Amino acid sequence: MCLLLLPGDVRVRSQVGFESERRGSHPYLYVDFRGLVLAAPSTESVSPWGCRCCRPLSFQRRLAVSPSLLCPSSRLTLCFLDDDYAGQAKCMLRKVGSWDFDIFLFDRLTNGNSLATLTAHLFNQYGLIELFQLDVIKLYRFLVLIQEDYHSHNPYHNAVHAADVTQAMYCYLQEPQLSSSLTSCDILLGILAAATHDLDHPGVNQSFLIKTNHHLASLYQNTSVLENHHWRSAVGLLRQAGLLEHLPVEDRQNLEMRLGSLILATDISRQNEYLSQFRSHLDQDDLNLQNSAHRHLVLQMALKCADICNPCRPWELSKQWSGKVTEEFFNQGDIEKKHGLEVSPLCDRQLDTVPNIQTGFISYVVEPLFTEWRRFCSTPLSHTMLSHLGLNKAHWREESDPNVACSILLTLSRLSLPVRHVAVHF
């Protein structure tokens, strides 16, 4: 099956309520990666797959290519770092599999390059560069492109969130049941999906895009609008960077489709569908990780867990993420009020609160998912996550308003999310 990048699937810009993205001042922005000599340069100047590959990159300045950029793969990670911070960031990377990994600190130590640096490190750690014969410069270019394609002004859906999800995904890939069963291709897809799962996120939800008649909603027929866009954007950047162009066409297209299947699984409105399927396998005790379809389902569930794992982090990290995601909700509500639109559920800063939103989200969305994940792999990490989840929920419950909380629970229940085995108390 050939995946086409639809012409309308370009960056979300110039729509009502959206401002042009404010770029940061990170060091990598001052390097023109278009000037790098690739191992196997493409002869095509324009991609046949759509306008995404034709649009110019948004790097702001050009400098002569530094010899350090042409580093061997073993030094790939450190080439993203300033000398002043390389030592501290490198020390943090030695504990990248720790569940209390502070992605906010890591982002500061890497001058805002947490996603590119972390992903490069994991490619090295798993030996994916050698296994898939990846061109280091093309990998460089791809990692910079995906980091650039996240909107830095989004409070939550930005490159730091993508880095956090990628780090969580690595923790899950290290779980004994997965590490002993996954193939190199599974690992490659897991890391790529985590790093790109929210690519070019506009900072508003699907219902906003639908009710404002956004072109992406029309393009994807109001179905998994954002997730389809993230997937197509990821494929566009893979092709633009030429990272996988040396692979046979059939293999490359298969990887692109499987990448899409993973990213589409992060659609929260389809939570019941995936969770029911996963729970059914657990109830029947018939998950066979030698079966590629079963391994793929487990990868989907791992990515879903990684995407919403913030309430399972230690309180100080979890609290920061809760504030950020709620601020993004409230920003959407402000836009809706400004343009006379009905304010979306959970998006009214005058009525909704962080404690109430988080208490409901944990009860209706996070607990059911992580309860089943612990059934699948009853490991110290799975128990630690649920322990943090319980403590964090208790924190939020102490601060919540019972009347508002009940209203939020009603809102979440309309999503038809499963609440089996979950007791909700206020």
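One is the number of the first residue shown, and numbering goes on along the chain from there.
Keep in mind that glycine also has a Cβ here, set from the backbone N, Cα and C atoms.
As recorded in TrEMBL:
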DOMAIN    81-403  domain 'PDEase'
BINDING   HIS157, ASN158, ALA159, VAL160, HIS161, ASP198, ASP307, GLN358  AMP binding site
ACT_SITE  HIS157  active site, proton donor
BINDING   HIS161, HIS197, ASP198, ASP307  Zn(2+) 1 binding site
BINDING   ASP198  Zn(2+) 2 binding site
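VAL160 (AMP binding site) sits 12 Å from HIS197 (Zn(2+) 1 binding site), taking the C-alpha atoms as the reference points. For the recorded Zn(2+) 1 site, residues HIS161, HIS197, ASP198, ASP307 set the reference point as the centre of their Cβ atoms, and the other residues of that chain within 8 Å of it by Cβ are HIS157, ALA162, VAL165, ALA194, HIS201, HIS230, THR266. Summarising the environment of ALA159 (AMP binding site), the number of other Cβ atoms within 10 Å of its Cβ, over all protein chains shown, is 26. Cβ neighbour counts within 10 Å, taken over all protein chains shown, single out GLN358 as the most crowded of the binding-site residues ASN158, GLN358.
Rounded to a whole value, the Cα-Cα separation of ALA159 (AMP binding site) and HIS197 (Zn(2+) 1 binding site) is 10 Å. Here the Cβ of HIS161 (AMP binding site) has 24 other Cβ atoms within 10 Å, regardless of which shown protein chain they belong to. Between the CA atoms of ASN158 (AMP binding site) and HIS197 (Zn(2+) 1 binding site) there is a gap of 11 Å, rounded to the nearest whole number. Per the record's binding annotation for AMP, residues HIS157, ASN158, ALA159, VAL160, HIS161, ASP198, ASP307, GLN358 show a top Cα-Cα distance of 22 Å. Looking at ASP198, ASP307, the binding-site residues in this record, the fewest other C-beta atoms within 10 angstroms of the C-beta turn up around ASP307. With respect to their backbone Cα atoms, HIS197 (Zn(2+) 1 binding site) and HIS161 (AMP binding site) stand 10 Å from each other.
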